[in-house]
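What TrEMBL annotates here:
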| type | residues | note |
| --- | --- | --- |
| DOMAIN | 3-96 | domain 'Pyrroline-5-carboxylate reductase catalytic N-terminal' |
| BINDING | 54 | NADPH binding site |
| DOMAIN | 159-263 | domain 'Pyrroline-5-carboxylate reductase dimerisation' |
Ligand SMILES: NC(=O)C1=CN([C@@H]2O[C@H](COP(=O)(O)OP(=O)(O)OC[C@H]3O[C@@H](n4cnc5c(N)ncnc54)[C@H](OP(=O)(O)O)[C@@H]3O)[C@@H](O)[C@H]2O)C=CC1
Ligand SMILES: O=C(O)[C@@H]1CCC=N1
């Protein structure tokens, strides 16, 4: 993989950077760029990595990882394009941005991989989906997968599915945090101390996620096991159905996929 340059050290860029460092990659092989010089100083201090301007970083790196917002991607590609050479692999983590968009703004024949990661990568529990561009061979895809495997799981998907992936695993952690917030507030409303409510909700989430993963049972079966006839869970689930929570989740995720599709142009 050689030298890896991360362009854009915001939430996702720094998450990947920290994962690469935890996975044992030498800081000497890591370059970071960002628009905020004070943030770059913090990153040098925290990780011992090199920081530089975009053009210089593109010229120095073997693998270029683009982690700016979709709306900033066109400008970044303009800055680095002249410095991208045939041996480089360009990996984009941006929602919506297609391999076609990237390839059309990079030198002809550039190897590009589109990735949709998520923030649980911060605790090595990330979920990333990778899709190859037109000029990628198996070794390029393997390299991008290895990069993302440093902080979680990796699957390959056809690029046409990346909007759906973004709606599920890319944005998904936010939906879970939203549900957790609501459950904690409900506990507080029912009179529990906030710390107790938080502990109960977090362990319940962790336990339920572990059950889904380890028992391999369908979620419907697991839900039915909790739902005693005439009991508390049935009373709660009826309210969720009455408030169309299932339909709201589906509509919300359709909106996320649609937004990902809109971002394909790289514009607001
Ligand atoms: N956050 C998430 O959960 C996920 C994010 N992504 C994708 O990751 C990308 C980044 O998202 P996120 O980390 O949340 O956003 P952030 O705004 O936190 O990070 C983007 C960073 O890139 C910097 N930047 C912008 N333009 C340039 C440039 N030309 N050169 C160098 N740095 C630049 C920004 O600086 P400034 O603040 O000054 O603009 C900012 O620090 C997006 O494309 C997003 O779709 C994908 C999956 C999950
Ligand atoms: O909200 C966003 O656009 C990014 C992409 C997926 C998660 N966060």
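The backbone N, Cα and C atoms fix where each Cβ goes, glycine too.
Unlike curated records, TrEMBL annotations are generated automatically.
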Take the domain 'Pyrroline-5-carboxylate reductase catalytic N-terminal' (3-96) and average the pLDDT across it for me.
97
When DSSP states are grouped into helix, strand and coil, how many residues of the domain 'Pyrroline-5-carboxylate reductase catalytic N-terminal' (3-96) land in each?
47 helix, 18 strand, 29 coil
What does the DSSP secondary structure composition of the domain 'Pyrroline-5-carboxylate reductase dimerisation' (159-263) look like, as residue counts for helix, strand and coil?
90 helix, 0 strand, 15 coil
